[in-house]
Amino acid sequence: MNIVVCVKYVPDAQSDRTFNEADNTTDREGVEGLLSEIDEYAVEEALKLAESGEGEVTVVTVGPDQAVDAVKKALQMGADKAVHVSDEAIHGSDAAATSLILAEAIKKAAGGSNPDLVLMGMSSTDGVMGVVPAMVAERLGLPQVTYASELTLEGESVTIRRDGDAASETIVSSLPALVSVTDQINEPRYPSFKGIMAAKKKPVDTWTLADLGVDAGQVGLDAAWTKVTSFAKRPPREQGQIVTDEGDGGTKLAEFLSAQKFL
Amino acid sequence: MAEVLVLVDHAGGKIRKATAELLTIARRLGEPSAVFIGPNAETAQVTLAKYGAHKVYVYDAPDALEYLVAPQAEILASVVEKTSPLAVLIPSNSAGKEIAARLAVRTESGVITDAVDVVAGAEGVETTQSVFAGSYTVKATVTKGAAIVAVKPNSVPIEPAPAAGAVEKIEVTLSDAAKAAKITESKPKAATGRPELTEASIVVSGGRGTGGDFGPVEEFADSLGAAVGASRAAVDAGWYPHSNQVGQTGKQVSPQLYVAAGISGAIQHRAGMQTSKTIIAINKDEEAPIFELVDFGVVGDLFTVLPQATEAVKKAKA
């Protein structure tokens, strides 16, 4: 079983995330970054599947130089090899262009065709659009099985369970397939000391757009199909009225609701 | 006038509120047409016409909804190819965003998700989004193809504007690839009688401070006709279903009123509720970061404050 996991290097949500004044893109330089949290669950699921049978786990990321930290974390957790697609032309790429680069990288990493399984987190913690899995599936012509909170492989098919808004669903798909996971699917492991040492010897391939056969004109800020025209920091919410409950906190709360015309 | 497509979100033909909101927005941009996929189109047509749909494109073969989103994206793509619309508006829920994503790649059009406002700007369709856990407001436009915009529920007040709602059937042969991921079982959630979390105009959420007892949270929610949410801590502890989780790894909600009970207000949670219009918190810890966001806060025990508030609300409503 050949599994490719796509991961993203994101600005730490605990830090002050911001934009570049020059081109309205996410500032990835001035802030600490890390492996997007939900992607750890995708890596963990891939490792579990590989460990329960024969399998190889390849981790793929697209991003600037420091994005290699995201795949290194995955290698420390136990992934076999990694690919980092890095090219100056990628800066400012939108989700559609990112999905194009990822799709080509996935195919190349799997030896020219689709791997048995592509795993991703349901969304990143910075963009939070949650559209890249669907876009990559569309580009690779793969069935897309998203928001998995349980996953089982059986022969040539994958079965997942997910909690929808109205129903709990079971979905069955043939392989190869692309599955995105939620943080309910497992408990990601921490890299062990042994894992951290072993990761230093694992191969990390760095590919450019040319290596993938992607024309630089198809990606980047100028090729984006959407454009951020302006951004503004929201004024901090003014702190409202805080009362300490002295036996009438609930009554005061109801009075506030009434004054605000919620009742 | 340019055509603007609205993908109808419905349950067995019953239109969800988000669809009426999208039709209201579509009228600002051009002439709204609805795209309806599924059974009971006749029921839906009446409501869609009421909210301004000039045309209702209908795909009613039973196969489309047996699979995950790919068939809906194919059907919508065929309507886009036929009509060359100015924009396609889709509800910004998990399925809606995926349909938007696939449609964008298929039709080579720009896609914007989680929009909280959409207007006709100088450079075409202009959207407003709230990003980085609500700390920034971003305006964006689509520069290629139809503007595919997934819009968050509760972004606009609904306004009826009766139109013809002329039905036009769509014939599409779904590809085999679109029919690869089949929904084999769907267990409906036990009916709570409460509104759907992302659509509700009031949400009452409980967190670690409930200690697992959501009784007071649910009773207060019911007195207000609100949906019930939960923090990640409460969901991870197994106290409430993941589908009710509000936050970065759960649902993003933007109701008129959000009440956080026993929730400290970590960034993970704030990312899911910070754009709510009015925010109330009840927490024992006066240092809890949630109090930085509130319009009204009570430092106290939710197990005494909420029941008292519930009684007062019931009395006021009676």
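Heads up, the Cβ atoms here are built off N, Cα and C, so glycines get one too.
Whatever TrEMBL says is automated annotation, not expert-curated.
Positions annotated as domain 'Electron transfer flavoprotein alpha/beta-subunit N-terminal' by TrEMBL: B:4-187. The annotation FAD binding site is assigned in TrEMBL to B:Arg208, B:231-232, B:245-249, B:262-269, B:Asn283.
On the structure: features taken from TrEMBL.
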residue  : record           : DSSP class
B:Arg208 : FAD binding site : helix
B:Gln245 : FAD binding site : strand
B:Ile263 : FAD binding site : coil
B:His269 : FAD binding site : helix
Candidate with the highest Cβ count within 10 Å, taken from the binding-site residues B:Gln245, B:Gln248: B:Gln245
Chain A, Cβ under 8 Å: which of the binding-site residues B:Gln245, B:Gln248, B:Ala266 qualify: B:Gln248
Site of maximum Cβ density within 10 Å, from binding-site residues B:Ile263, B:Ala266: B:Ile263
Sparsest-packed among the binding-site residues, when each Cβ's other Cβ atoms within 10 Å are tallied, from B:Arg208, B:His269: B:Arg208
For the domain 'Electron transfer flavoprotein alpha/beta-subunit N-terminal' (B:4-187), the mean pLDDT of the predicted model: 94
